[in-house]
Amino acid sequence: MKTNYEFRPQYLKDFIGKEQLKNNLKVYLTASKRLENSFDHTLLHGLSGTGKTTLALIIANEMNVNCHITQGNLLNKPIDIINLLSLIKENDVVFIDEIHACGLGAFETLYSVLEDFCIDINIGKDFNSKMTRLKIPHFTLIGATTIFGKIPKSLEERFGHIFHLNEYEPSEISAIILKNNQMHFQIDLNEEEIDLIANNAKGIPRLANRLLKRVVDFKINGFNDIKNIFKKIQIYEFGLDEQDINYLNVLYRQDNEIGLKSIAQILRLDQYTIETKIEPYLIQHHFINKNLRGRKITIEGIDFLKNNQLIK
């Protein structure tokens, strides 16, 4: 089975969707290459699975440089930043996924690095210590985050480019599915089936690729009806999954609003997962209302459960 990496486009011309973002990136990349400069520091924010890592790798490929990848929660102290940057060469890309999770010491070290491409470090102890300035090759920092509000203002101001990646249009998701099926599987899928997969992907390319792989698995085993396949893997109308349905049923059983803490206890899920993975899509489809008193299912949410016979 193909990995997520193999589904990723390697160059901007192969990236499907987000036309305005692509057109702007093409301008910025062309200018950087002609001026022989490193690409400006870039912040990508948006939902998981919308192409932030893919775009970081594309920028590195377009600039013909290496991409060094790490996670924000691994960078807590100045020494973590020093160790990371000790590996880079001139104009390389450093990609920090979930950059909001960096520690305070790492953030403070990044501030001077991003502007001056140097780090001031203490060598020695006590009265014998002295400050030494360590020069860093010019590089491009690309940060990705699903929580834009947690990015410190001082860090945000140091990015030359800030791009928001939201959900993709259904036609864009359909094009992604069509291309990946042709390139990797060549399974018989008609236009209606491709659109059905796309309409259940919540506008997220990563989810679309996951659904495509599951459809391929079942079709290879003789299951040809897409709707039946989705029932077997518990994917419901609009792409809602079992967690979404369980959440809606918790609210359906309440006469009044219910708080996030209580929902988390009933579902045995952490509050962060509920707030970031479940609720945004349900709010978008007007299935729930959220206010200071808590959460409440809407008429649309109740109709969805009843029409799909999903009341538990």
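Glycine residues also receive a Cβ, built from the backbone N, Cα and C atoms like all the rest.
Lifted from Swiss-Prot, the feature list:
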| type | residues | note |
| --- | --- | --- |
| REGION | 1-168 | region 'Large ATPase domain (RuvB-L)' |
| BINDING | ARG8, GLY49, LYS52, THR53, THR54, GLU115, ASP116, PHE117, ARG158, TYR168, ARG206 | ATP binding site |
| BINDING | THR53 | Mg(2+) binding site |
| REGION | 169-234 | region 'Small ATPAse domain (RuvB-S)' |
| REGION | 237-312 | region 'Head domain (RuvB-H)' |
| BINDING | LYS290, ARG295 | DNA binding site |
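Feature map: Swiss-Prot annotations on the structure.
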residue	record	contacts (Cβ under 8 Å, 6+ apart)
ARG8	ATP binding site	THR53, THR54, LEU57
LYS52	ATP binding site	LEU44, HIS45, GLY46, ASP97, ALA144, LEU165
ASP116	ATP binding site	none
ARG158	ATP binding site	HIS41, LEU110, TYR111, LEU114, GLU115
LYS290	DNA binding site	GLU279, ILE283
ARG295	DNA binding site	LEU251, GLU257, ILE258, GLY259, LEU260, ILE263, GLU279, ILE288, ASN289
Test of understanding: give the count of other CB atoms lying within 10 angstroms of the CB of THR53 (Mg(2+) binding site).
21
What average pLDDT does the predicted model assign to the region 'Small ATPAse domain (RuvB-S)' (169-234)?
96
Using all protein chains in view, find how many other C-beta atoms are within 10 Å of the C-beta of ARG206 (ATP binding site).
20
Where the record says ARG8, GLY49, LYS52, THR53, THR54, GLU115, ASP116, PHE117, ARG158, TYR168, ARG206 bind ATP, what is the longest distance in Å from one Cα to another among those residues?
37
